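Residues or ranges marked as oxalate binding site in TrEMBL: N109, H114, E119. What TrEMBL records for H112, H114, E119, H160 is Mn(2+) binding site. What TrEMBL lists as disulfide bond is C33-C50. The feature domain 'Cupin type-1' is assigned by TrEMBL to 64-214. Annotation comment: TrEMBL describes 1-23 as signal peptide.
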Amino acid sequence: MMKGVCFLVTVALLALASSLASASDPSPLQDICVAISDPKDGVFVNGKFCKDLKLASADDFFYYGLHIPGNITNPVGSMVTPVNVEQIPGLNTLGISMVRIDYAPYGQNPPHTHPRATEILVVLEGTLLVGFVTSNNENRLISKVLYKGDVFVFPIGLIHFQFNVGKAKAVAFAGLSSQNPGVITIANAVFGSDPPIDPDVLTRAFQLDEDVVKDLQSRFWWDNN
């Protein structure tokens, strides 16, 4: 009897672990599902219409250009080049994507979050100060300086950042556990929303004078994606 109970508990724990370890995107329902914009002769799966399997080609799974540096002459001093389902239609339903991030000296990828993906980042060139903040009520900063070849993980949904602390340009690549991870840049979302958030809300939330809030809302918030 006890062996039977232990077996059932083991199976239940393995099932739970398996579900927790899965990517944020739903599991594929077929081998491939190349995303198309025109629903004609397509099948709707995982947020995109799928191309007829017989019409899929190598180009549906290919992207050219990650060797090209992004334009970092902007206010935040960085540029993110995404490679997700919008760039590679064949990523549809596969639960993975990637980005290249270029940083100017002392440039940063500002505090942001990916609502649908965990991120794993590797530094190719330069020195980056990176970190993420845990959720309420602890709000603990977990941070580290990374050098060429170092790898760091940003858990799904948590606010994180990268800052080039070196005097030279930096480059990093990152993988994300979603075909469409999404990005919410905190400053842009809070002070650059359309329409604007009522200044009274932000005045109390950030404990700032209303004039400061209105000044922040009047600025152009740069999107480096």
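Heads up, residue numbers simply count up from 1 along the chain you see.
Backbone N, Cα and C atoms are what each Cβ position is placed from, and that goes for glycine too.
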Cα separation, E119 (oxalate binding site) to C33 (disulfide bond) (Å, whole number): 23
Which same-chain residues, if any, lie at least 6 apart from E119 (oxalate binding site) yet have Cβ under 8 Å of it: V153, F154, H160, A174, G175, L176, S177, P181
Using Cα positions only, nearest of the binding-site residues to C50 (disulfide bond) (N109, H112, H114): H114
Additional residues surrounding oxalate, by Cβ distance to the N109, H114, E119 centre under 8 Å: V99, H112, T113, A117, L121, F154, H160, A174, L176, P181, V183
All-chain count of other Cβ atoms within 10 Å of C33 (disulfide bond): 27
For H112 (Mn(2+) binding site), nearby residues of its own chain (Cβ under 8 Å, 6 or more apart in sequence): I159, H160, F161, V183, I184, T185, I186
Cβ-centroid neighbourhood (8 Å) of the Mn(2+) site, H112, H114, E119, H160 excluded: T113, A117, F132, F154, L158, I159, P181, V183
